[in-house]
Amino acid sequence: MGKKKRSASSSRWLNEHFKDPFVQKAHKQKLRSRAYFKLDEIQQTDRLFKPGMTVVDLGAAPGGWSQYVVSQIGGAGRIIACDILEMDPIVGVDFLQGDFRDEKVLAALLARVGEGKVDVVMSDMAPNFSGMPSVDIPRAMYLVELALDMCKQVLATKGSFVVKVFQGEGFDEYLREIRSLFSVVKVRKPEASRGRSREVYIVATGYKG
């Protein structure tokens with residue numbers, strides 16, 4: 001039996017991926033992923049991270065965001081990261097592998113955070129996409145709602161939240177909820193984010209607690 005041919009869409013995605021200048025740049029600089037550059041651009045405009053901060057990273061693998069934040073918060077800072085996928089260790093990152101939707105995993109994550117509050121919650125979580133927006137968008141919205149729930153449990157007053165959201169049904173309501181909880185809310189589309197993608201990043205600062 002011959003090898004199954006790739007679909008036209010998957011072949012196009014692979015072609016785009018390897019030609020992407022940010023993918024090439026990440027490879028050249030030995031970075032975990034192109035997501036590093038998305039967060040770098042957000043940091044240049046919104047200044048979320050400072051030395052000594054404690055940060056929660058949801059959907060952390062392969063580690064692009066954690067890798068970036070380590071460079072910003074330094075040795076006195078702390079990152080608690082979680083993903084359903086494996087992630088190679090990063091110095092300064094306390095990584096928990098497990099499904100964030102599972103109550104036991106959530107409890108373990110909260111235990112690692114401890115009694116203190118965190119300065120930033122960030123989420124780059126995304127579901128496995130089927131290609132059907134009617135299925136994919138609700139799955140994605142469920143994940144970002146969980147990320148916001150995490151903020152309500154662990155984020156310090158005046159803390160910050162950055163979350164990847166896919167535009168579609170439920171986006172406007174979600175944005176309204178975030179606006180009610182934070183003093184300043186921006187919607188960013190970093191240059192490293194592909195133009196065809198529905199993804200945007202909500203950057204919220206000044207958590208009202």
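Glycine is no exception: its Cβ is also placed from the backbone N, Cα and C atoms.
Quick look at what Swiss-Prot lists:
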- K164: active site, proton acceptor (ACT_SITE)
- G63, W65, D83, D99, D124: S-adenosyl-L-methionine binding site (BINDING)
- 191-209: domain 'TRAM' (DOMAIN)
Listed in sequence order, residues with CB under 8 A of W65 (S-adenosyl-L-methionine binding site) and six or more positions away: A35, Y36, L39, D57, M122, D124
For W65 (S-adenosyl-L-methionine binding site): DSSP state (helix, strand, coil): helix
Rounded inter-Cα distance in Å - the residue listed as 'active site, proton acceptor', D99 (S-adenosyl-L-methionine binding site): 18
Proximal but sequence-remote residues of the same chain as D99 (S-adenosyl-L-methionine binding site) (Cβ under 8 Å, at least 6 apart): I84, V105
